[in-house]
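Participant: Can you keep this structure in mind? I'll have questions shortly.
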């Protein structure tokens, strides 16, 4: 399992992975049913999730399903890292 770089509450890095939730999986109680140690990291954008799926060679069928999700046009704050990823992706697709 890859290390996400996210530190746990004790300040020590653990072996972790990032999971991008949408829909009902945003509900803390629901995600904890299968992953009791899950912890919120940051808000992301669907665009970044799609870019990551493509970059990591996920199956095209899965990528198409991600692209079919209607975004909610969230305009609030996301992490600077996410904003940088979005800007990079916009530059590469031009």
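Residue numbers in this text run from 1 along the chain shown.
Heads up, the Cβ atoms here are built off N, Cα and C, so glycines get one too.
TrEMBL: automatically predicted annotations, no manual curation.
Among the features that TrEMBL reports, substrate binding site is placed at 19, 20, 21, 22, 23, 24.
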Participant: In sequence order, which residues at least six apart in the same chain have a CB under 8 Å from the CB of residue 21 (substrate binding site)?
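Facilitator: In sequence order, 31 meet the Cβ cut-off.
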Participant: Based on Cβ atoms within 10 Å, give me the single least packed residue among the binding-site residues 19, 20.
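Facilitator: Output over binding-site residues 19, 20: least Cβ neighbours within 10 Å is 19.
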